[in-house]
Amino acid sequence: MIPVTELRYFADTQPAYRILKPWWDVFTDYISIVMLMIAVFGGTLQVTQDKMICLPCKWVTKDSCNDSFRGWGASSPEPTYPNSTVLPTPDTGPTGIKYDLDRHQYNYVDAVCYENRLHWFAKYFPYLVLLHTLIFLACSNFWFKFPRTSSKLEHFVSILLKCFDSPWTTRALSETVVEESDPKPAFSKMNGSMDKKSSTVSEDVEATVPMLQRTKSRIEQGIVDRSETGVLDKKEGEQAKALFEKVKKFRTHVEEGDIVYRLYMRQTIIKVIKFFLIICYTVYYVHNIKFDVDCTVDIESLTGYRTYRCAHPLATLFKILASFYISLVIFYGLICMYTLWWMLRRSLKKYSFESIREESSYSDIPDVKNDFAFMLHLIDQYDPLYSKRFAVFLSEVSENKLRQLNLNNEWTLDKLRQRLTKNAQDKLELHLFMLSGIPDTVFDLLELEVLKLELIPDVTIPPSIAQLTGLKELWLYHTAAKIEAPALAFLRENLRALHIKFTDIKEIPLWIYSLKTLEELHLTGNLSAENNRYIVIDGLRELKRLKVLRLKSNLSKLPQVVTDVGVHLQKLSINNEGTKLIVLNSLKKMVNLTELELIRCDLERIPHSIFSLHNLQEIDLKDNNLKTIEEIISFQHLHRLTCLKLWYNHIAYIPIQIGNLTNLERLYLNRNKIEKIPTQLFYCRKLRYLDLSHNNLTLLPADIGLLQNLQNLAVTANRIEALPPELFQCRKLRALHLGNNVLQSLPSRVGELTNLTQIELRGNRLECLPVELGECPLLKRSGLVVEEDLFSTLPPEVKERLWRADKEQA
């Protein structure tokens, strides 16, 4: 038989699952153990003890055995003797009962009477108890074994225990009691002035962008509050980060269904039904457990008797055990009914962390549903502290704090200094790409002037940005940045340039329209939708000091607000990504414009409204599908125009009126289809930069020598066969790009270009280089772009001088 100490195995599940067992499951498990003990004890007795003890009955009346024999009287019926083959003599009194049966006959009679005459309930009582108990245990533990539920439960318990023991949980919960209040020393010096400014930041954002007064809350505008976090070591931080990812994936997976809830409900219903079934038939049949049993069997031919009186030795004990078993089943059933009532009364497929949100600083802990909610309800019956500690890993605020700590551990001050570079404007720049946030050490780079944030989700700009007193330029590329009120107050006074690139309107922080001192704004993204234009563009009216506006989008027409801010704009740049831009008459109002860029706007012709902008100094009409530029005659009214860019178009010829642009200093006509250069072009005597590369030119006119101020000439990728001698009269030439033409030779007069620093000759038909290249004192080997075999045709002393010039520069 099974030892009693091993019975617990049938009721115990994995030790880790104990936290999923409410008090009622614990009670029913122990009741099941007692039931098992009853079954094992009864079964053991039944196997080891005599099941039935039978004796033949000599005095039988109507197949019933009389307890004693009395003499026959006149009034007494005459007894019969079916069990005896020899009738007793009436006048001989009995002095005792003697049976002529041996031991084997008695054993046979016991077995036959036990099998045929003992009631089935008394016979199988221990086995019924064992069967019902095993069914109860199976119902209680099936959800721990069924693959579709056990996997979820195992995963849940594993994550829950790790969250409970995580150092991050303890630190996060401790912040709800004690908040760190010591600000950084460098920032504390500015608190006196910054606090006053930040107190009105939220109101100013709403005031400057009227549409926000109705639709945007303080949080939606990206203005948030912040508290300092503790410190974890790197290993603990990485472990906590992994836990956050596991919790996210587990929540997504478990909230999809409610199979755990439904299976637990069905288990409970089955146990309740089983309870009623057991009570009904057990109470009904328990009285059939009797000590005395009359047994009438047709075995007279084997034993000589037909009727026997039998004793069931275990009847009294079985009756006691049955009564005890019934009481246990009643207690078990009441618990199951309470469980069912608990499940039906409460909404167990929803779990709210409302109380935890009120007690802690993590007000963003979400409510959960379905199986996730049900398992948390079960955990609360075991110990509510588990849910409280687990909730920390459901909070995005908590995750952001942890992410910030890990980020600070990874990005030390020395590592950030190694990432500092000088940009084209010679400003000290830091580019952070695809990080989880902004490392706090960034704000210790006091020399920083330009900060680029790209693909950084949910970044929050802290007050410590005020330490960067030299910061004047901020880039937000696909970065939906929030900002704290003190930080916004600082940027309002100090930020001068802002670059924003977005694909979704939500990536544009609305607080940018409160930057009163902003002078330069670059917006790159889709503004074709009407609501996008309204939200993004409309706020520009409040940027009164804006001088430079760059829009890279796909507008169909110039928004009215651009015209409104254009009164004080000095530079307007629109890159329309190939979408046709129409209705440009409003440009006339931008009287203060000095630079205008209309790139990829599919204009086809030069807009007439440009000619009214008398302060224009630079015009860029790149890639606009221009085929003719006859309107260029009107440019003569733009007396301040010094730079004209008509590159990347389909221009076939240059109008002779180009000569009227006498103040022109830079002219870009590259990437067109020009075949001839008019003489009038060389009347622009102030030209310093002329780019005619990638056209269809076959020669350069001799009048090019009139451009005495020319410093850079580019005619790369044409079909020029020879260079006019007059070209070398342009003594100020510093760069000469002649690559990919069909030049047969390079004139020796090239040595007269004493200011030449770069000459490109690659891709021509030259056989040798003139020795006079050595007479260009500023020319170096790196500035001579030519095939290596062609370079080898120069005399050794010339090559040596060119190489030496490179080394001296290095």
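Heads up, the Cβ atoms here are built off N, Cα and C, so glycines get one too.
According to the topological domain annotation in Swiss-Prot, Leu118 and Arg685 sit on opposite sides of the membrane. Per Swiss-Prot, the disulphide partner of Cys57 among Cys54, Cys65 is Cys65. Between Cys113 and the candidates Cys280, Cys295, Cys336, Swiss-Prot records a disulfide bond only with Cys295. Within the set Cys280, Cys310, Cys336, Cys601, Swiss-Prot assigns Cys310 as the partner of Cys54, by disulphide bond. When Ser75, Ser150, Ser217 are compared in Swiss-Prot, the phosphoserine annotation sits on Ser217. The phosphoserine entry in Swiss-Prot, when matched to the candidates Ser151, Ser202, Ser361, corresponds to Ser202. Long-range contacts of the repeat 'LRR 11' (639-661) within the same chain, counting only residues at least 6 positions beyond its ends with a Cβ under 8 Å from a Cβ of the stretch, are 594, 614-630, 632-633, 667-678, 680-684, 686, 691.
The DSSP breakdown of the repeat 'LRR 7' (543-565) into helical (H, G, I), extended (E, B) and coil residues amounts to 6 helix, 6 strand, 11 coil.
Nonlocal intrachain contacts for the repeat 'LRR 7' (543-565), taken as residues 6+ away from its ends with a CB within less than 8 angstroms of a stretch CB, comprise 497, 513, 515-528, 533, 537, 571-584, 586-587, 589-590, 597.
Residues of the topological domain 'Extracellular' (287-316) grouped by DSSP class, helix first, strand second and coil last, total 8 helix, 10 strand, 12 coil.
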